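**Student:** Pasting a structure here, questions to come.
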Amino acid sequence: MTTRSNRLLTIGGLATLMAFLIGVLAYTAIARPSGRPDAPFQLTSTRGETVNQSIFKGRPSLVYFGYTHCPEVCPTTLYEMSGWLQQLGAEGAPLQALFFTIDPERDTPEVLGPYVGAFSDRITGITGDKAETRKVLDAWLVTASEKRSGDDYSMSHSMSVFLVGADGRLKGMLPYQVTMDDAVARIRDLLLSDGASGRASRSPT
């Protein structure tokens with residue numbers, strides 16, 4: 001085989017390897033959950049506390065973005081979230097469950113508090129300034145937009161529950177109407193990955 005042929009084979013092999021590596025990197029970028037939990041913001045919880053980006057760190061979290069006027073998806077998801085927490089019992093005590101409103105103009109603390117409380121006292125509602133809310137939505141790549149109908153409007157939004165580790169990073173998502181068994185299994189994985197299952201004696205948020 002000539003030197004020229006060897007060079008062509010070498011170049012061809014390197015090109016194939018490069019294409020493979022680019023494909024792996026592209027797949028990894030798509031498959032890895034996205035999110036920028038360190039993006040700064042300041043909001044208020046239904047427990048009367050100021051909330052900022054640090055809320056995502058220190059404990060594993062179930063995070064959902066919705067609104068109180070949502071006709072079906074949000075109440076269904078909060079009902080299911082309450083069921084997951086009940087099913088986990090003391091095992092799920094390290095978890096915090098957070099409901100960020102995407103409609104802060106209507107979802108004031110006075111409105112949001114009783115709404116989330118009707119599902120579970122474990123769920124904390126978070127609301128505040130519209131611009132600050134948008135910072136959180138953009139940081140977590142959450143879809144949320146108004147759909148006007150005369151003087152009224154509804155919101156189109158992402159429907160998954162975010163699984164956030166105690167390190168503040170997005171570990172995965174639970175799709176709308178996930179089964180109880182699948183949800184509880186995924187949440188247990190989250191707790192185990194954080195080593196939180198052994199800290200169930202801590203009081204929940």
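Don't overthink the numbers, they just go from 1 along the chain as shown.
Each residue, glycine too, has its Cβ placed from N, Cα and C.
Remember, TrEMBL labels are computer predictions, not curated facts.
As listed in TrEMBL for this protein:
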- C70, C74, H157: Cu cation binding site (BINDING)
- C70-C74: disulfide bond (DISULFID)
- 32-192: domain 'Thioredoxin' (DOMAIN)
**Student:** Starting from each candidate's C-beta and looking 10 angstroms out, tell me which of the binding-site residues C70, C74, H157 has the most other C-beta atoms.
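**Tutor:** Within the set of binding-site residues, the most crowded position is C74.
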**Student:** In which DSSP state, out of helix, strand and coil, do we find C70 (Cu cation binding site)?
**Tutor:** coil
**Student:** Reduce the DSSP letter at H157 (Cu cation binding site) to three states and note it down.
**Tutor:** strand
**Student:** Around the recorded Cu cation site, report the further residues of that chain (criterion: Cβ within 8 Å of the mean position of the Cβ atoms of C70, C74, H157; site residues excluded), sequence-ordered.
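**Tutor:** Neighbours found: F65, G66, Y67, H69, V73, T77, I102, M155, M159.
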**Student:** Could you tell me the mean pLDDT the prediction assigns to the domain 'Thioredoxin' (32-192)?
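**Tutor:** Here the mean pLDDT over the domain 'Thioredoxin' (32-192) amounts to 94.
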